[in-house]
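Working notes for the structure below.
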Amino acid sequence: MAAGVPCALVTSCSATFTGDRLVQHILGTEDAVVEATSSDAVRFYPWTIDNKYYSAEINLCVVPSKFLVTAEIAESVQAFVVYFDSTQKSGLDSVSSWLPLAEAWLAEVMILVCDRVCDDGINRQQAQEWCIKHGFELVELNPEELPEEDDDFPESTGVKRIVQALNANVWSNVVMKSDRSQGFSLLNSLAGANRRVASAESCHSEQQEPSPTAERTESLPGHHSGACGSAGAQVDSIVDPMLDLDIQELASLTTGGGDLENFERLFSKLKEMKDKAATLPHEQRKLHAEKVAKAFWMAIGGDRDEIEGLSSDDEH
């Protein structure tokens, strides 16, 4: 593996669907070039992400077992894609064994993949609750329910959604294209939101016994002194694991070209975020909207001074 090349770590917890097959779906080829390691256990698939905003050289790194993750691989992980067998009631148990590593990597893109949810194994509600708790996005390769044909803003599904999410990530070696860079110039600060959340949670857990029912999506208590206080102040009460990715994509669409495809995707993303916010209680919805507004303003190059003091408690 070339030094300094970021990677999307891909693994499978299914005996019938390998990580290599998933990578081949992502690359759109059954004849992908494989760079074998000396042990021939971990495999690297070089991939050039080249879109209208940027280009980046990354590796799709297939790791069959968590015990094969070396320090070099761990340092390069910027996305994590894991496949599981939804037909087994214990299908998520093997995935959960990867969580300590995933939490240490703090990857901005984490995707849980299956062929489709299964009522006799892991159903949709179980899969989505697990994803919300641990900060993953659920993607079904062959969902039973496809977007309606007359839907003006159909959501991407399957492999297309995985590719879309990987394209929306801000890779460490990204090379921006011409004037596209403005909207991405501050996305690295947005991409650090998950790291700030993790830091705040870590500080809080050291001061208080963790509750067995606590979830990552619960409100983070604020602290008014010490390192934990500064970390807690950097995040809002509502922590949505997918919010950073949504804002990254929204910012890239806003600062992109004015073509029809870009315009349609922009409205589709706005609709997705609106629908997501609509499920929150009123007070949480206000805080959610405030966080999105602030982060999005910074993402497109807005002046921080112009939004200082902006709060849902302000009187207008």
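Each position is counted from 1, following the chain as shown.
Keep in mind that glycine also has a Cβ here, set from the backbone N, Cα and C atoms.
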Given the candidates S90, S178, S219, S311, specify the residue that Swiss-Prot annotates with phosphoserine. S311
Among S181, S225, S312, can you tell me which residue Swiss-Prot lists with the annotation phosphoserine? S312
